[in-house]
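Trainee: Take a look at this one; I'll ask things after.
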């Protein structure tokens, strides 16, 4: 079964909009686990405009499921990950001012750098995942870095799903199959939601994990957090 990792960045965004500690990011993470999430994801950025580095340190002793820290591997991020030692680190090629992730790595141009990072994190017992698109040559190179997994950037799938879901999913199935053949675990994330998640998961039954934040928090405004997590898990069990 595919694990649901809840990205709690948007919870931190709401907190930071007003100051103070409401909602309490640490409690929300614990409640997500209580309600059935199999993981918690955070994406700290250098300006700490949502998740703060202090949040990450605070979350570490509380998380009882899998803890995934994703982000651009600047020196500050690398130091954070090595100190916290999460279950998984997901390497994302974000510019510091990016509103959200908008592409996967060009592994060819960053091969030596990514290989070095993978070796550094692996030596500390941290599972590694590289954020990529569906380019097959890119995935083959990702496997050669020694990474444990890739995370497929699913925004193109979500964009074209309403027009032609079979056409939208096709490159992702091909990419995920190649990754599986190369011995890589496959994660996915970005713009997955209650409308498109079940079809994605059905077509890639070996999917290990989806990381979902923005859509899930939006749905929770209507359904409540507990019911929303149940709805997303139902998509992954269908």
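Any Cβ shown, glycine's included, is placed from N, Cα and C.
The 3-amino-2-oxopropyl phosphate binding site annotation in Swiss-Prot covers 7, 18, 191, 213, 214 and is backed by sequence analysis. For 43, 70, the entry in Swiss-Prot reads active site, proton acceptor, with the evidence type sequence analysis. The 1-deoxy-D-xylulose 5-phosphate binding site feature in Swiss-Prot is assigned to 45, 50, 100. Under the heading site 'Transition state stabilizer', Swiss-Prot lists 151. What Swiss-Prot records for 190 is active site, proton donor.
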Trainee: At a 10 A cut-off on CB-CB distances, which of the recorded positions 43, 45, 190, 214 has the highest count?
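Mentor: That would be 190, with the highest Cβ count within 10 Å.
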Trainee: Whole-number answer please: how many Å between the C-alpha atoms of residue 190 (active site, proton donor) and residue 7 (3-amino-2-oxopropyl phosphate binding site)?
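Mentor: Cα-Cα, rounded: 10 Å.
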Trainee: Reported as an integer number of Å, what is the Cα distance between residue 213 (3-amino-2-oxopropyl phosphate binding site) and residue 43 (active site, proton acceptor)?
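Mentor: Residue 213 (3-amino-2-oxopropyl phosphate binding site) to residue 43 (active site, proton acceptor), Cα-Cα distance: 10 Å.
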Trainee: If you count CB neighbours within 10 Å, which one among the recorded positions 70, 151, 191 has the smallest count?
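Mentor: The recorded positions 70, 151, 191 were compared, and 191 has the fewest Cβ atoms within 10 Å.
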Trainee: Residue 214 (3-amino-2-oxopropyl phosphate binding site) to residue 43 (active site, proton acceptor): how many Å between their Cα atoms?
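Mentor: It is 12 Å, counting Cα to Cα.
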Trainee: Fewest other C-beta atoms within 10 angstroms of its own C-beta: which of the binding-site residues 18, 50 fits that?
Mentor: 18
Trainee: Taking only the Cα atoms, work out how far residue 191 (3-amino-2-oxopropyl phosphate binding site) lies from residue 151 (site 'Transition state stabilizer'), in Å, as a whole number.
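Mentor: Spelling it out, the Cα of residue 191 (3-amino-2-oxopropyl phosphate binding site) and the Cα of residue 151 (site 'Transition state stabilizer') are 13 Å apart.
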Trainee: Using Cα coordinates, what distance in whole Å links residue 18 (3-amino-2-oxopropyl phosphate binding site) and residue 70 (active site, proton acceptor)?
Mentor: 25
Trainee: Just how spread out is the 3-amino-2-oxopropyl phosphate site if you go by the largest Cα to Cα distance in Å among 7, 18, 191, 213, 214?
Mentor: 26
Trainee: What does DSSP say about residue 214 (3-amino-2-oxopropyl phosphate binding site): helix, strand or coil?
Mentor: helix
Trainee: State the Cα to Cα distance, in Å, between residue 45 (1-deoxy-D-xylulose 5-phosphate binding site) and residue 70 (active site, proton acceptor), rounded to an integer.
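Mentor: Cα of residue 45 (1-deoxy-D-xylulose 5-phosphate binding site) to Cα of residue 70 (active site, proton acceptor) measures 9 Å after rounding.
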Trainee: If one measures from the C-alpha of residue 70 (active site, proton acceptor) to the C-alpha of residue 50 (1-deoxy-D-xylulose 5-phosphate binding site), what distance in angstrom results, rounded to a whole number?
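Mentor: Just about 13 Å between their Cα atoms.
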Trainee: If you draw a 10 Å sphere on the Cβ of residue 213 (3-amino-2-oxopropyl phosphate binding site), how many other Cβ atoms land inside?
Mentor: 23
